[in-house]
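A.B. asks: Take a look at what TrEMBL says about it:
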- 1-17: compositional bias 'Polar residues' (COMPBIAS)
- 25-34: compositional bias 'Basic and acidic residues' (COMPBIAS)
- 50-512: domain 'Major facilitator superfamily (MFS) profile' (DOMAIN)
- 1-34: region 'Disordered' (REGION)
- 58-77: transmembrane segment (TRANSMEM)
- 97-118: transmembrane segment (TRANSMEM)
- 127-144: transmembrane segment (TRANSMEM)
- 150-171: transmembrane segment (TRANSMEM)
- 183-202: transmembrane segment (TRANSMEM)
- 208-229: transmembrane segment (TRANSMEM)
- 308-327: transmembrane segment (TRANSMEM)
- 347-365: transmembrane segment (TRANSMEM)
- 377-401: transmembrane segment (TRANSMEM)
- 421-446: transmembrane segment (TRANSMEM)
- 458-478: transmembrane segment (TRANSMEM)
- 490-508: transmembrane segment (TRANSMEM)
Amino acid sequence: MGKSVYTINADSPSVNGTAPAEVTKNGKADHDSDGEYREAGKFRTILPQILASTAKNFLLLDLGMAVAFPTIVIPALRGLKNRAPDEFLHFTPAQASWFGSVAYICQPIGSVLSGIILEPLGRKRSMILVNIPHIIGWLMLHFAGSLEEMYIAAILLGLGVGFMEAPIVTYVGEICQPSIRGILTSCAGVAVMLGFFMVYLLGTVTTWRITAAICVSIPLATMIAICFVPETPMWLLSKDRKEDARKSLQWLRGWVSPKAVEKEFQEMQRYSANAAKCTPCQKAQSVKCDHPPPTEWMKLQELMRKRNLRPFVLVMLLFLFGQLSGLTGMRPYLVQIFQAYGVPLDANWATVSTGLLGLMANIVCMMSIKFVGKRRLALFSLCFTSLSCISLAIYAFNVFPPGWTSFDVHEKVNTADGLNYIPMLLFFLLAFSTSVGVLPVPWILLSEVFPFKSRSMACGITAALNYAMTFVTTKTYFNLESSLSLPGVILFYGICGCIGVLFVYFFLPETEKRTLEDIEIYFSDNKRKLTDIHIRQYAREAQKMAVINGKEKQGIENSAYSESEK
């Protein structure tokens, strides 16, 4: 497989998008309107990518608000906290468990549909349209007059969240350079946790109905913001819109001239043309593919190839251990869990604190992922989540009476010498460690590990299955706690976290500072052992060989990739 836009190193001029046919001695140049070259700073190169990612992150802010919303509604409608005097709706424990989880069972439907419509509509148009169900959902929640209306609104929010996943992860993966892709994709976690924090805070200082009315402003602002960012060059090339793709690349690389992105654009065209070929022509390295476009059935068959199945299994297992790390299942019931543990802080404000810690953890993830890597972040995160859960279980087994659950109304446990500070600190550690790696890392990997040809559909299906698991986790939490007791279910989550640590250590490769093509080659090698977690930098090695041989290398000779489907 030849070189592509994704194979250029971060230090290469063409990665910065500022290398025309002739460059200055320092390898950085731009072309102004007078036909003269001038040096282009790195900041101007990455600024438009940051702006485009920020517009996309408004979607994730809305997503975080939608996921966090049941956390403030359930205690209010169960009469535990912040129930308005004129509120006439009420939840039983079973109804609360359905409201806290029904959105998740609808999200898979939205995710699968988003993967299907993403290719014909494009990334940008899809990200605009997904705001419509959320606008309707937030308005329905504000004016809800019955539990049925609340369930319907939750379903709409769930569908909207599902619709968001495929366009979000594919958009940011296709516009970013390898050197900053990890940082910008990790910003997604910051936006989600900011949504959590805002809803938790609003739910503490005002009613849930007013919170819903405030939340409706976010999807409206998102639609406006996305109108100002370009479509991805790769999608435009796949639709044979070359001039539009060139203009998009010029925008994304610092509003530069066509000559400044010419080399990168040519390599992107080559990559797009190769990705459009059928699998036999790719294996034969044919110059041209005359076969008809693939049918929907052929696209589904493509998903069953090992180069898709291997990253799929890897990401799904990482999602699974993230679901069973503890916080996901407990999130809709955090207020009552804090009350059951008798933490010395007001339960609502303790929940706000977990949102703030999650936000801080995602900022730490964003700032450190380039230096630490995704693998180490996932290991660190899972180690501390499992440690937190096991410690919380040990504390509860020693302090609470047998069969203690958070769904029962009972007297506050007397803990001498301020021991109730221990579970509060452990919950805060759980919230921070979960958000620093367990939750963001699989979403970051989702935008990297699948081949371009099947990325949209694979991302949609993977996100759909993850949300199906989230539904099971949140819906069964009530049953698990009723059967195992509160400390028992938390101990179960801690044991699952320990198994996740072993999985990450032995099977998760490091994709940071690797190009999308390097990652695709890695997963296409059927001879590679599962425990071989090193991804070679084929592009850099090929460039070095080209320099040594004193000639320009036109492609990467890689038998692992070309023979992957034999």
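Positions of Cβ are set from backbone N, Cα and C atoms, glycine also.
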A.B. asks: If I count Cβ-Cβ pairs under 8 A between the transmembrane segment (97-118) and each of 58-77, 127-144, 150-171, 308-327, 421-446, which range comes out on top?
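C.D. replies: Against the transmembrane segment (97-118), the leading stretch is 150-171.
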A.B. asks: Can at least 3 Cβ pairs under 8 A be found between the transmembrane segment (421-446) and the transmembrane segment (308-327), with each pair 6 or more apart in sequence?
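C.D. replies: Contact between the transmembrane segment (308-327) and the transmembrane segment (421-446): present, because at least 3 Cβ pairs are under 8 Å.
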A.B. asks: Of the stretches 58-77, 208-229, 377-401, 458-478, 490-508, which racks up the most C-beta pairs under 8 Å with the transmembrane segment (308-327)?
C.D. replies: 490-508
A.B. asks: Under 8 Å for C-beta pairs, could you tell me which stretch among 208-229, 347-365, 377-401, 458-478 has the largest tally with the transmembrane segment (183-202)?
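C.D. replies: By the under-8 Å Cβ criterion, the transmembrane segment (183-202) pairs most with 347-365.
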A.B. asks: Relative to the transmembrane segment (58-77), which of 150-171, 208-229, 347-365, 377-401 accounts for the most Cβ pairs at distances under 8 Å?
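C.D. replies: Against the transmembrane segment (58-77), the leading stretch is 208-229.
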